[in-house]
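Notes to accompany the following structure.
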């Protein structure tokens, strides 16, 4: 198992190299220059050239990329072009909000999705089943940013149940932390919850008509233990397989949600860095998100062996 | 021996009376799939349920296990009594206590009948923990003991293997171990060797026969293969299109069949020494689907002995056809049917 995990980590190295390279190339192709931003209003061409030279912006793309990789290997993500702060510190300071949000959304996706799928599998084709299918299909079509705005105007402005914006770290108490997360978390978790619902529902539907379920009933097991012990573990296999994608999806979605709810997370940092062409900050964000996706996929891989013993061999 | 005991011994273990099972029709309403089926199975007896695919054998055996609802159907009429106890109205709780120690079932597809996500040991232990109340350690020991009993080599190691590490024949042995672990009184085997190689078939059948001798378990053996049935069972019930068309002792049914369908099935058994010049006998046509059963005798469209104007309009009843046999044929006393001939 440990060897397998090590191999998977090694296989992720090319990914961690290629994604930042793509970002370098894309920024190089896109119009806009950080030196122009930094130079302020009405800059002279000489001033822009001087800034470009100081930051090494006029060097070829490949050279800049190689320099960045070299620095990262030494644990140095560089400094922000705009604020001169360490990128590493900026990310660490901001990742609490983002990771809390992603965690909330994913927990909601798993809990709500599993609950809905189990409810609808109790009576396939019944009223509950059709209602769940209908709701989940609608939920997939709802854009997170729109849902986020609706939730905020309803539960933060009209009814004032939850705070409308901001973020409180977990260290200041679980209550305030959670209450700030509910609205953005629900907005962000709706899509993955609907996806888990539909996928688990169809997997359960298939598993429940299989021969080993009939056999489990023939052994004198109760309906509940057949569902929770024999059916659910097998039905989780296809759901777990794509769980890594769901996390990537939620991480991407967190960018807009953080802006709507004015949360000091990585998403708003990323947007600011794109707008101001703050390349080191953007690269730091990209490297961080890629790493999160890699680690989640590794965990998925490891858990896969539990759900599907066939792959353990 | 007390009078009560004598009565219990004389009573059949399983008695099915006029059982009718229905499934939802695609156009709405319910279609009967098994109709007015009756047969009995005595303590320690082996009874075969024979017929082509689609004749209602599996539906009948699932009804005995009380699993009709699980497969989407319903028992519309009739009674199933087990050891004197009526089962069709049994609450689900009591059913669960009966499946396992009362009756167990093995299926046609042994590999698909085992849960791929748990070890075979877990799956055997689950039954005995539930029904015999054994603790984890004792249940595991029981699982190993049972795997050993069904002749799985190195049982103590294999108990921790997952089903995908076993062949089809080995999976069927695991299934038998799982069912027999609770010491059931009735074992229902639904085509247990159909999916297996011929050589493996033979070994599974021998295992079933040995287990029956050791434990005295009664056997309801579902099969379409009369050659296999002849080896194992004392009594035979032949089903066609959802109803019983013939039943009697194995000797009666095999040597003096009373129904043209039985005779046709017997003729279709391959015999050793069959020359290349001769073709294996078949029954022309195919079994009608539930809901599409013809008027009169359900077999008349495929029957070589049919009498136009009679067989296609009059519903035959089960009538005596031999010393201990009954057949559902209008012409039972008029036609001379070929049974198994001993060369």
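Cβ atoms here come from the backbone N, Cα and C positions, even for glycine.
Predicted automatically and left uncurated, TrEMBL annotations should be read as such.
These numbers come from a predicted model, not from an experiment.
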Of A:74-96, A:97-119, A:166-188, the range TrEMBL labels transmembrane segment | A:97-119
Annotated transmembrane segment segment (source TrEMBL; candidates A:200-226, A:281-307) = A:281-307
Same-chain residues at least 6 beyond the ends of the transmembrane segment (A:97-119) with a Cβ under 8 Å from one of its Cβ atoms are 128, 132, 135-136, 167, 170, 177, 181-182, 184-186, 188-189, 192-201, 204, 227, 232, 235, 239, 246-247, 250-251, 253-254, 257-258, 263-267
Taking residues 6+ outside the transmembrane segment (A:235-261), which of them lie with a CB under 8 Å of any CB in it?
-> 97-98, 101-102, 105-106, 109, 113, 117, 144-145, 148-149, 152, 164-167, 183-184, 187-189, 191-192, 195-196, 199-200, 203-204, 206-207, 267-268, 270-271, 289, 292-293, 296-297, 300, 303-304, 307-308
